[in-house]
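Participant: Here's a structure for you.
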Amino acid sequence: MRDCRDNSDENDCKPRFPGGRYCPANKFQCDNHLCIPKIWRCDGVDDCGDSSDEKRSVCDVIDCPDTTRYRCDNMKCIPKWRICDKVDNCGDGSDENNHQMCTALQQYCKLKEYRCANKRCISATKVCDSVNDCGDASDEKGCHKGVGHVNCTVNKGNCQQLCSDLVDGGYFCSCKQGFTISTTDKKSCEDFDECSSWGNNCTQICRNVKGSYKCECHEGFQDVSKTSSKNGGQCKAAGDMMMLFFTSGHEVRQLIPSKKDYSGMISWGRHMGGLDIDAERRLIYWTDLSLRKIQRAAVPQDQKVAETTRPQDLNVLALRPEGVAVDWVTKNVYWTDSIKKIVAVSLDDGRYMKTVISEDLDYPQSIAVSPNLGWVFWTDSSALQPKIERSWMNGDNRETLISTRISHPTGLTIDDAMGDRIYWCDSKENIIESMRPDGTDRVLVVGKGIVNPMSLDVFESNLYFASQQSGSIMKMDKFGRGINSTLQSGLLLPTTVRVFHTQRHNISVKNPCSDKCSHLCLLVPGGYRCACPDGTRFQTGNKFLCDAAMEESRPLPSACPCNNGGSCVQDNSSVIICHCPPGFLGPYCELLEPKKLMPQLESTRLATIIVPVSVLGFVLIMILLLLYVFRRKRKVVKGEFKGGSGVVKYREGTNVEITPPFTSDDSSSPGHNMTNIQLDSTNFCNPMYYKSEDIDTTFDSMENPVTSLDHEAPVNSPDISVGLPKDSSQGATPSNLRKYRVKKKALSPVEHSDKDKDGLVAEEEL
């Protein structure tokens, strides 16, 4: 049990239970040795303090009964009463983002409450109080008060379906779900078109039927919801994985949410702004606020590997391009310029720029297009008069959609799959709202839990938005259900986020443009209009041909040839060059820098020297060893080495003593047979002595030999004893007398400087 807040009282404790356990069998043992009830495992709460009770390996093996617990997608097992409470108890949002489950729990109102047609619940006392408390006026449509209206006791007040008595007298007619009260007699019920307004939760197509509705998916999508399609359905796109591209500081980056794969830089500049994608041709467009450019590049073919791309400048005359949008039908590019205060368009490669909106704009920022409707939408983030506007894609029929209850609209997107519904975010109010493309049915999607949303995009059943202040990319349900989840955090000022998928837009829309337009063909509702670049006009009496010069089209950007993580950039002369990462150089970043290469070269050079020398040295040593062994064997065979060779000792004087005595082959002889001694190569000769003539040496006795020398002998010189026995009983016989070769005294052997390396001579002082 933890008594200290930091669990220090449980540290360094010895096991107290069998099997080396710190906890009894009926308790769960945390990694920090704390003991908790087993029922607390994987309940979404860190009871251990080190999260060991919430680990996946623990959650996978525990029992999670459906009656009292809820199994999360990450295998946690939380109490059932914690689901759909607007709190992420699972940790992955699965207890809040199961919209069919959470919607079913919230579809009933409390006692003494009235359920509005839009499914809101209000107090029963607010019905028929002449105030639109529901928001859709359904609490005021069926009111019958005053003279002649008593209560529901008589024929239900002639109400077709439901009748309720009012507290202050009179009655109230209402209808069952799927129907609405008639505005003519306020008693009969008419079919309510749930598909005409917000709240049906169909992610794509809504089909109205009498008293109800059903949801369907577009071609290329499939409904993967686990419940009835009436509850909204969930349309999932087939084909490739969905990717997110977003601008962050000076870079464009890539994220694959399904794999949680956050890849590196796709392209870079100085201050990235707006962003849009032509998924059909795999092109990405962006604006650079500092470089004052609009650029495009090819999206890497491999979704799993992010690689830098080769940017292509559109060379448009821009001062501060903010938002950019691609018409995926005609391939025209639209953008806003906050300094010029215009909305402009050009061909996909930047040719034939034309200003479509230039008046009554203060700070045009985000922009989106709907080619199938023929409209272009943009936000004006003016501090004085913020608004959201639209016009035909040629600039005609301009109108303001939103100008009230709005502060700083920074992001704008269109849900093509759900009736071209408009979504926008307000970075000052920290909200996301939605409306129909004509500005009606304005609803608040989410009003809490988000901070500083700068941009957003929509796909399938989700919204993706960039929170600049928190530096993160977030995901949420596009109907505002459930809770938000963070896809990527720690980003540097993310500005714009866009979804990349071939099903993001309806590419089956036919292009009505023909070759009649000489320069620009701009879509309008139900058709198209030809247009001329700025500074030019149509030829007299012609609405198709302009008097502008024709320019050669530019090729599509290709993949970047830079290696080793290098990125493609344009220099001042618009030539593509490689910007190499640290440690690499060369035209295509294919070379290592010398300072990076030298350690490798040095190690390689040393290896090329040391290895051969080591091998050669080993071979030479082996050869010398073999030669030594071979020569030694030869000497032994020839008899050069014989047993009994003693050690020679020297002292001052002429006497020489050789010990131990030579062994003789005649074991019975009392002495040594000197005649058998041969002076061969193994006998040691002192090089400092001269070779002298032979002399006769006569011994009077063994102790006093008489020696006749041909040179002057030293006084009191010691005897010369050469291997003769010291036993006095053995007399001197002729056989004991031998003729010896005596050398003249030269330099003292002790003072000789040559070193006896073979250890044949031992020196001692006598």
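Positions of Cβ are set from backbone N, Cα and C atoms, glycine also.
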Participant: Between CYS23, CYS42, CYS48, work out which one TrEMBL annotates as bonded to CYS35 by a disulfide.
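Facilitator: It is CYS23, per the disulfide annotation in TrEMBL.
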Participant: Given a Cβ distance threshold of under 8 angstroms, which distant residues of the chain, six or more beyond its ends, lie next to the repeat 'LDL-receptor class B' (420-462)?
Facilitator: 197-198, 203, 221, 234-237, 242, 246, 366, 368, 370, 372-373, 375, 377, 379, 388, 390, 399, 401-402, 406-414, 468-470, 474-480, 483-484, 494-499, 501, 504
Participant: Work out how many Å separate CYS30 (disulfide bond) and CYS72 (disulfide bond) at their Cα atoms, rounded off.
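Facilitator: Each residue's Cα considered, CYS30 (disulfide bond) and CYS72 (disulfide bond) end up 21 Å apart.
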Participant: Given a Cβ distance threshold of under 8 angstroms, which distant residues of the chain, six or more beyond its ends, lie next to the transmembrane segment (606-630)?
Facilitator: none
Participant: From the Cα of CYS72 (disulfide bond) across to the Cα of CYS143 (disulfide bond), what is the distance in angstrom?
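Facilitator: Answer for this pair: 46 Å between alpha carbons.
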Participant: Quick one: mean pLDDT on the domain 'EGF-like' (556-590)?
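Facilitator: Across the domain 'EGF-like' (556-590), the average pLDDT comes out at 78.
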Participant: Taking the Cα of CYS35 (disulfide bond) as the centre, which of the disulfide-bonded residues listed as CYS48, CYS72, CYS109, CYS116, CYS121, CYS580 lie within 10 Å of it?
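Facilitator: Cα within 10 Å of CYS35 (disulfide bond): CYS48.
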Participant: Rounded to a whole number, how many Å is the Cα of CYS116 (disulfide bond) away from the Cα of CYS109 (disulfide bond)?
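Facilitator: Their Cα atoms are separated by 10 Å.
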Participant: C-alpha of CYS128 (disulfide bond) to C-alpha of CYS23 (disulfide bond): distance in Å?
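Facilitator: Counting only the Cα atoms, the answer is 64 Å.
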